Amino acid sequence: MNYIILGPPGAGKGTQAKKIAVKFGILHLSTGDMFREAKKSDESISKLLSSGQLVPDEIVVNMVRKRLEKNNIKKGFLLDGFPRTVKQTGELDRMLMSENIKIDSVFLISVPFEEAAKRIAGRIVCACGASYHTMLLPPKEFGKCDCCGGVLFHRSDDKEEDIIRDRFSVYEKQTKPLIEYYKESGLLIYIDGLKSESDVFEQISGCIINGE
């Protein structure tokens, strides 16, 4: 059970990845979580993320490699936010090949920019990793996390439309070539990201259960 989940900013990758990992008992590896942790102590990464730009391939690959080596991935894993470039894809292939591990499926959650921007603008998060939406998935108590009671906030790269548009543009330029790569390899599965969160979850779960 080894999977990759792709999609533009605001597609709901992180939300779905966490739920899928719990349901099937596999490891969730999120580069987004890794970056947000790293930016606390690395000013260069912080500046890149705040401007909507991609972190250099060498840094990303090294972070993922360390995380894969640190965790037991024999039971399966779900990569969320990686790979994002053709170079990262090649590095991932080499990493997995050395361990005789293969990717079973690549899920692409597809949503247009307008919908993604709307979702991002309303997204609020907690330091514990929980994510909410002011309209679509509000917390039980305004401004307070249901999981730990922490204060909810907007991520810095979610606040300005120009940054959101830049992030989407970077995705279009850097990540879309991967779609063709995984399509040609027969691993790509399209997921309609405009459906409800529960419907998207059921669609991905169904594909995994059916061995697609």
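Including glycine, each Cβ sits where the backbone N, Cα and C put it.
GLY14 (ATP binding site) falls within a helical segment according to DSSP. The Cβ of GLY14 (ATP binding site) has SER30, GLY32, ASP33, ASP80, GLY81, SER131 as same-chain neighbours under 8 Å, each 6 or more residues away in sequence. Positions annotated as ATP binding site by Swiss-Prot, on the basis of sequence analysis: GLY10, ALA11, GLY12, LYS13, GLY14, THR15, ARG123, SER131, TYR132, LYS195.
Here Swiss-Prot flags 30-55 as region 'NMP', drawing on sequence analysis. The average per-residue pLDDT of the prediction over the region 'NMP' (30-55) is 72, rounded to a whole number.
For THR31, ARG36, GLN53, LEU54, VAL55, GLY81, PHE82, PRO83, ARG84, GLN88, ARG155, ARG167, the entry in Swiss-Prot reads AMP binding site, with the evidence type sequence analysis. Reduced to three states, the DSSP call for THR31 (AMP binding site) is helix.
Taken from Swiss-Prot, the feature region 'LID' applies to 122-158.
Positions annotated as Zn(2+) binding site by Swiss-Prot, on the basis of sequence analysis: CYS126, CYS128, CYS145, CYS148. Taking the Cβ of CYS126 (Zn(2+) binding site) as reference, residues of its chain lying under 8 Å away and at least six apart in sequence are, in sequence order, TYR132, CYS145, CYS147, CYS148, GLY150, VAL151, LEU152, PHE153.
Across the fold, the C-alpha of CYS128 (Zn(2+) binding site) and the C-alpha of ARG84 (AMP binding site) stand 25 Å from each other.
Between the C-alpha atoms of THR31 (AMP binding site) and GLY12 (ATP binding site), the distance comes to 14 Å. Look at the binding-site residues VAL55, CYS128 and count other Cβ atoms within 10 Å of each Cβ; CYS128 has the fewest.
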